[in-house]
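Novice: One structure, pasted below without further comment.
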Amino acid sequence: MASRSCFSVACAVAVMAFAILATASNAQPLDPHFYDKLCPAALPAIRKVVEEAVAVEPRMGASLLRLHFHDCFVNGCDGSILLDDTPFFTGEKNAAPNVNSVRGFDVIDRIKDAVNAACRGNLVSCADVVAVAARDSVVALGGPSYDVLLGRRDARGASQGAANNSIPAPTFDLDRLVSNFASHGLTVQDLVVLSGGHTLGFSRCTNFRDRLYKETATLDASLAAQLRGPCPLAGGDDNLAPLDPTPARFDGGYYGSLLRSRGLLHSDQQLFAGGLGPTDALVRFYGANPEAFRRDFREAMVRMGGLSPLTGSSGEIRANCRKVNY
């Protein structure tokens, strides 16, 4: 297992992180009021479809939140994850972190249709739809609201290679997680807070099988016994287990699980090492202070949503989120 003394890693990449944030700040600024005059019906239209989808399937809220995360971590929050493959184009949907995993594309399609109808035209980018849908999903499941910065435009391309390399894997040790987040201009605290998004949703057996059968020293025995049925040594790759005890409610249960060695994913449990790791104090703090978690989650989501957006005349506003305009 890689060393947990990773503050030196965070320090080593600090210059790179500040450079990323500085570059983003030089672009046309995003604005939470971007659509106030352009199309005041846009955000209510998004919220309505999200609420309907989450009411039918609460898991969809976690899926839409994750969709935003996976979009932003690959060349910025530009809607590139939504593009379908074509005979002449390879998108990100079939990248290793996304294939048979990332979902909610049909809900985004419904939102886009509803927004275009409400706005009487193609005025709202798919990248903004994804960002607002993530916020509204969190709220629908009991989480905090926050102002989504708006005015993104959509990428005209995507990169499966970048998706394979930029999205942190559930097998990452803490030093790789810290380095990955820093490469996006995000801090160690952002890592711990945004990982708290795993208070919602489920994970597939294939993502936690190695932890279940190879990390018995750091996995609660009663949880392991529960998981072996739906996640055998062979088969059942797509069987699901909740990421925390209340997967349809936004709360601090995720951190409580880590404190009891009940983190489902290797990457999650890496955040708490029984008092020995550099992120342990943050896990303890958020486990004991749910309101602080809600506050800091809001702020971290805004920071993540500001990663390398396309603005001004860059990119386009797609009429169909699955394909570029022609």
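Including glycine, each Cβ sits where the backbone N, Cα and C put it.
Fair warning: this is a prediction, and the values are worked out from it, not measured in the lab.
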Novice: In TrEMBL, CYS321 is disulphide-linked to which residue out of CYS119, CYS126, CYS205?
Specialist: CYS126
Novice: Based on what TrEMBL records, which one of CYS39, CYS72, CYS205 is disulphide-bonded to CYS119?
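Specialist: Among CYS39, CYS72, CYS205, the record in TrEMBL lists CYS39 as the disulfide partner of CYS119.
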Novice: Looking at the recorded positions HIS70, HIS198, THR199, ASP244, whose Cα is closest in space to that of CYS321 (disulfide bond)?
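Specialist: For CYS321 (disulfide bond), the closest Cα among HIS70, HIS198, THR199, ASP244 is found at HIS70.
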Novice: I need the CA-to-CA distance for THR199 (Ca(2+) 2 binding site) versus CYS119 (disulfide bond), whole Å please.
Specialist: 34
Novice: To the nearest whole angstrom, what is the C-alpha distance linking CYS205 (disulfide bond) and ASP251 (Ca(2+) 2 binding site)?
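Specialist: On Cα coordinates alone, these residues lie 23 Å apart.
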Novice: Measure from the Cβ of ARG66 (site 'Transition state stabilizer') and count the other Cβ atoms within 10 Å, all protein chains considered.
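Specialist: 22, counting other Cβ atoms within 10 Å of ARG66 (site 'Transition state stabilizer').
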Novice: Within 10 angstroms of the C-beta of CYS126 (disulfide bond), what count of other C-beta atoms is obtained when all protein chains are considered?
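Specialist: Taking all protein chains shown, CYS126 (disulfide bond) has 30 Cβ neighbours within 10 Å.
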